[in-house]
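Undergrad: From TrEMBL, here are the annotated features:
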- 42-204: domain 'Phosphoadenosine phosphosulphate reductase' (DOMAIN)
- 116, 117, 199, 202: [4Fe-4S] cluster binding site (BINDING)
- 225: active site, nucleophile (ACT_SITE)
Ligand code: SF4
């Protein structure tokens, strides 16, 4: 399929599947792309991986190991790999944290988080996604104003791939209910005051009334890591 075909397919599917339940969106992705489809997961929870494994058993679940994750996040990844019918693929940056410190100075995340995310998230993901035509994310419209317009299926112009967000229309209550009903793995930090889990240096607990992503890059204007821009 050409890039033009993929883009037209994404835009049509975004319209046709807007009201569809998440399992139907993932069935469409599995039937359309097969092994050229993967799920990306931050290991905040395994909801989309669980949904996708039902549509495409053994589906590739891509995880970015930035070198800065909480131990709980690495533990969640290992548990997902052990108990779910998925193929977890861990992507790593070209440089270790020590090598990055040597090249750019320590704590780049405090001084230039955009560069740190570009080196530790954006570049590895672009490399990792080269093998796929379509990727699924757990983005939800209710997470933050920057995500309010997320289509259930859209065109990722930057990577020239189809981007599937099967739970875009879900609320946090929907996620919690799915986790409870299916016993889906979730990061233990979600039970410890964190509403969104990223790299340890750039994530804090949130206070009552804050939106779910307020604990990410707290105090900085930055709200996204560049993966979804
Ligand atoms: S979230 Fe923070 S530590 Fe992680 S890659 Fe981005 S700036 Fe670096």
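For all residues, glycine too, the Cβ spot is worked out from N, Cα and C.
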Undergrad: Compute the mean position of the Cβ atoms of 116, 117, 199, 202, which form the recorded [4Fe-4S] cluster site, and then list in sequence order the other residues of that chain whose Cβ is within 8 Å of it.
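TA: So the extra residues in range turn out to be 66, 68, 109, 113, 120, 121, 198, 201, 217, 225.
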Undergrad: Under a three-state reduction of DSSP output, how is residue 199 ([4Fe-4S] cluster binding site) classified: helix, strand, or coil?
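TA: In three-state terms, residue 199 ([4Fe-4S] cluster binding site) counts as coil.
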Undergrad: Work out how many Å separate residue 199 ([4Fe-4S] cluster binding site) and residue 225 (active site, nucleophile) at their Cα atoms, rounded off.
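TA: So the alpha carbons of residue 199 ([4Fe-4S] cluster binding site) and residue 225 (active site, nucleophile) sit roughly 10 Å from each other.
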Undergrad: Between the Cα atoms of residue 202 ([4Fe-4S] cluster binding site) and the residue listed as 'active site, nucleophile', find the distance and write it as a whole number of Å.
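TA: Rounded to a whole number, the Cα-Cα distance is 10 Å.
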Undergrad: Could you tell me the C-alpha distance between residue 116 ([4Fe-4S] cluster binding site) and residue 225 (active site, nucleophile) in angstrom, no decimals?
TA: 9
Undergrad: For residue 117 ([4Fe-4S] cluster binding site), what is the secondary structure state per DSSP, taken as helix, strand or coil?
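TA: The residue in question, residue 117 ([4Fe-4S] cluster binding site), is helix (DSSP, three-state).
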Undergrad: Do me a favour and check the Cα-Cα span between residue 225 (active site, nucleophile) and residue 117 ([4Fe-4S] cluster binding site); whole Å is fine.
TA: 6
